[in-house]
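One structure below.
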Amino acid sequence: MASATDPCSFSSFSKCVTKHLNLTYHVDFDSHVIKAKVALTVEVLVDNFTSLTLDTKDLKISKVTANGQAAKFALGPKHSFKGTPLEITLPFDLSRGQHVIVEVTYETAPSASALQWLTPEQTAGKKHPYLFSQCQATHCRSMVPCQDTPAMKHTYYAQVSVPKELVAVMSAVRDGQEPDPQDSSRVIYRFRQPVPMPSYLIAIVVGALESREIGPRSRVWSEKEFVDKAAFEFSETETMLKTAEDLAGPYVWGQYDILVLPPSFPYGGMENPCLTFATPTLLAGDRSLSNVIAHEISHSWTGNLVTNKTWEHFWLNEGHTVYLERMIGRSMESEQFRQFKAMGGWKDLQESVNTFGANNPLTNLVPNMNEVDPDDAFSSVPYEKGFALLYHLEELMGGPEVFMGFVKSYIQMFAYSSVTTEEWKKYLFTYFKNKVDILNKVDWNAWMHTPGMPPVKPQYDTTMADACIALCKRWVKTKEGDLGNFSEVDVKTLSTHQLIEFLSLLLQEEPLPLSHVKRMQEVYQLNAFNNAEIRFRWLRLCVKSKWEDAVPMALKMATEQGRMKFTRPLFKEVYNFDKYREEAVRVFVAHRAAMHPVTSNLVAKDLKSWGQF
């Protein structure tokens, strides 16, 4: 077994492992806390076992018992982002192989980093409050005292009491509901998750939710204002699930539902089992943006079924998921489409490396996470550098069918467990035992432990990108007097994906003259596009070219949704426009309280690093 420590967790998993959690939640919207009890079923791995450490963050612990007997407990010193270790001393000692049920009674803090409490005004319906959680990477400890490390996998059961006009859903199978016997104005929802999973995948949402069936094992959930639109957008879900099963093996989680969150959700999606969380920015456009859902579906195998053992090995989750997502795209669209998406991914990687700096150790595929907050390390590096490595290996080993055979076998081999890069690599060498001489030529140190761009740049098929590249070059080279040569015909034959790529390419160039972006708006009417990916790139392009009319639109987009992929770069573009620097700060301060805590903290850090705040 690899080392039994995790630099992001206080819990030592060499002495004991959590097998099951039983959660009892009372969601209190008035005080913005969850009053809770958790019973952890813990298996002991050593003899003379008398104490254990759990991760907590800002929790108010009132009582701890072990097998029903009072247990002594103490909270250790608070760490800036890891929270506070909860040291529990058992009233008896145990031997290897025995189990103990440790029950903790506690309350979350109103500022719990896993939870966002929305006022009715922050929802689509404007009538009821809303609560959602986001535990990845290390925020579960602010919601549940636990061994908060992806090395640990457990099942869970939950009972959640909420006001009866609201609905609760979790990352688990729904197991019925009943009136709360303690309070007739409340209802209890029950959930069970029989498949072992890491703590970061525990998720809860409470709000005025409705659902629609979108397939034999799928429903879409959201506020009623979005639900029918969401059902239409995600109608291809079952086709994607079947495509993924053909590639990766059976889907083991039973239900695959999608929950469309309010706009402040900080990510594009989150792969919570049985209930993928999705940003509403996916609803503003057309169904071609379903690659976010393809990505989250893929996580059902790579991430949820086979999990990175610690956050240093995050690329195992994300690199394989991007690989599988693009294989789904290949099956549903074409190989050219997969190549096109891979090229776009390489550009995203280049942008992340530029942002961090080419010598920054956080651009390593396997970074050292000692005293590093995983939120600060978040970028496209594990996704796209990971994908680039897998694509490079695919080329060396004999193509997509051959390499997908390995990926499927790796998933079967490590299903229900957590793995390190070393274990993955050892299995790669075992699976391709006839090609070890080729694998030995790979510069593993450059790929894994060296910052910056990968040592090998793949040669992707540019068929779908050529039109985007040609149009980009035309705009860059055209003199002001020749702007009349552009017309709406230029973009008529481009797909949504190609239009996004065209704008991405322009963003990599020097800013266009103001006359050019004004002409582009005249002929392509880009301000009228609701598709978030197009709008985000277009507004960045305009602000870069110092078009003052775009500034309020850019700040509006930065604050009316909270997806970090959009919000952080938009604030940065406006901040870099000297004349509007103070406006960027003013708008951030005005909207900060309504933002998700992870988003507001990172935008504040961005502004600080640019010399403000």
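Glycine residues also receive a Cβ, built from the backbone N, Cα and C atoms like all the rest.
Listed in TrEMBL:
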{"type": "ACT_SITE", "residues": "E296", "note": "active site, proton acceptor"}
{"type": "ACT_SITE", "residues": "Y383", "note": "active site, proton donor"}
{"type": "BINDING", "residues": "Q134, C135, Q136, P266, Y267, G268, G269, M270, E271, R563, M564, K565", "note": "peptide binding site"}
{"type": "BINDING", "residues": "H295, H299, E318", "note": "Zn(2+) binding site"}
{"type": "DOMAIN", "residues": "463-607", "note": "domain 'Peptidase M1 leukotriene A4 hydrolase/aminopeptidase C-terminal'"}
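Considering only the recorded positions Q134, Q136, Y267, Y383, M564, no residue lies within 10 A of E296 (active site, proton acceptor) on a C-alpha to C-alpha basis. Restricting the average to the domain 'Peptidase M1 leukotriene A4 hydrolase/aminopeptidase C-terminal' (463-607) gives a pLDDT of 95. A Cβ within 8 Å of the Cβ centre of H295, H299, E318, the residues given for Zn(2+), is found for these other residues of the same chain: E271, E296, S298, T302, G303, N317, T321, V322, L324, E325, Y383. A straight line from the CA of M564 (peptide binding site) to the CA of H295 (Zn(2+) binding site) spans 17 Å.
Taking only the Cα positions, the spacing between H299 (Zn(2+) binding site) and E271 (peptide binding site) is 6 angstrom. Shown are the recorded positions Q136, Y267, E296, H299, M564; of these, the residue with the fewest other Cβ atoms within 10 Å is M564.
Distance from the CA of Q134 (peptide binding site) to the CA of H295 (Zn(2+) binding site) is 17 Å. A distance of 14 Å separates the Cα atom of Y267 (peptide binding site) from that of the residue listed as 'active site, proton donor'. For the pair formed by the residue listed as 'active site, proton donor' and E318 (Zn(2+) binding site), distance between Cα atoms is given as 5 Å, rounded to the nearest Å. Distance between Cα atoms for E318 (Zn(2+) binding site) and E271 (peptide binding site): 11 Å, as a whole number. Across the domain 'Peptidase M1 leukotriene A4 hydrolase/aminopeptidase C-terminal' (463-607), DSSP assigns 116 helix, 0 strand, 29 coil.
The Cβ of E271 (peptide binding site) lies under 8 Å from the Cβ of L201, E296, H299, S300, G303, N304, T321, each of which sits 6+ residues away along the same chain.
Remark: G269 (peptide binding site) has T276, F277, A278, T279, V292, I293, H295, E296 as non-local neighbours, by Cβ distance under 8 Å and separation of at least 6 in sequence. Counting every protein chain shown, the number of other Cβ atoms lying within 10 Å of the Cβ of Y383 (active site, proton donor) is 23.
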